[in-house]
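Asker: There's a structure below that I have some questions on.
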Amino acid sequence: MNVFRLSGDLSHLAAIIILLLKIWKSRSCAGISGKSQLLFALVFTTRYLDLLTSFISLYNTSMKVIYIGCAYATVYLIYMKFKATYDGNHDTFRVEFLVVPVGGLSVLVNHDFSPLEILWTFSIYLESVAILPQLFMISKTGEAETITTHYLFFLGLYRALYLFNWIWRYSFEGFFDLIAIVAGVVQTILYCDFFYLYVTKVLKGKKLSLPA
């Protein structure tokens, strides 16, 4: 494992922990897109079905279990425990416009036409756009809480670091996964505007708000 993958995994884990702590400590999921969290839960479920068929390492298995567990814990907090605080009026992105095309693309473009491989490919494509409901929600409300922006920053950082991981693996291992790289580039691009606002506003102590 190289430093970029490890840093990416830690950034991803930090994002998940920040979100869970934000919801639990505030006893509220206001400003959080439940639809994005449902998509992430679907991403991890379809990606890590290999937990049932293979073992790579204790680290690999542990991280997969943590991601799946935290994803469903987040969904539970939003839709069950703190349902009264969920802002469904602003969380209105039509997720079928993501899931259906991604499902079709994963059947057409994959590494191997087998159930597990198609589901893995589906998860890669879906993860690249799963944050869109959250970004759409922020665009509708016009602002985001600081802690929510920290969550989004670490989530975007995780994906950016994974791009460097792919570059490192190609340079030193000769490994090249076009599907993962293209999806990662798309996902990173979606965060570009947010990164700019995060650096120019949030890191200077200002609240992230979008221009009217």
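Glycine is treated like the rest: Cβ placed from N, Cα and C.
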Asker: Looking only at what Swiss-Prot records, is PHE175 on the same membrane side as LEU58?
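Answerer: PHE175 and LEU58, as annotated in Swiss-Prot, occupy the same side of the membrane (identical topological domain).
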Asker: In Swiss-Prot, one of 16-26, 159-169, 181-191, 192-202 is tagged region 'Interaction with the K-D-E-L motif on target proteins'. Which stretch would that be?
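Answerer: That would be 159-169, per the region 'Interaction with the K-D-E-L motif on target proteins' entry in Swiss-Prot.
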Asker: What mean pLDDT score does the topological domain 'Lumenal' (169-178) have in the model?
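Answerer: Across the residues of the topological domain 'Lumenal' (169-178) the model's pLDDT averages 91 on the 0 to 100 scale.
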Asker: Among 5-24, 117-135, 179-199, which stretch has the highest count of C-beta pairs below 8 Å with the transmembrane segment (93-110)?
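Answerer: Per the Cβ count, the answer is 117-135.
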Asker: So which residues does the topological domain 'Lumenal' (53-58) touch in its own chain, when a touch means Cβ under 8 Å and the partner is 6 or more beyond its ends?
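Answerer: For the topological domain 'Lumenal' (53-58), the list is 116.
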Asker: Taking the transmembrane segment (117-135) as the reference, which of 5-24, 33-52, 59-79 gives the largest number of Cβ pairs under 8 angstroms?
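Answerer: Ranked by Cβ pairs under 8 Å, first place goes to 33-52.
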Asker: Using DSSP reduced to three states, classify SER54 (site 'Interaction with the K-D-E-L motif on target proteins') as helix, strand or coil.
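Answerer: In three-state terms, SER54 (site 'Interaction with the K-D-E-L motif on target proteins') counts as coil.
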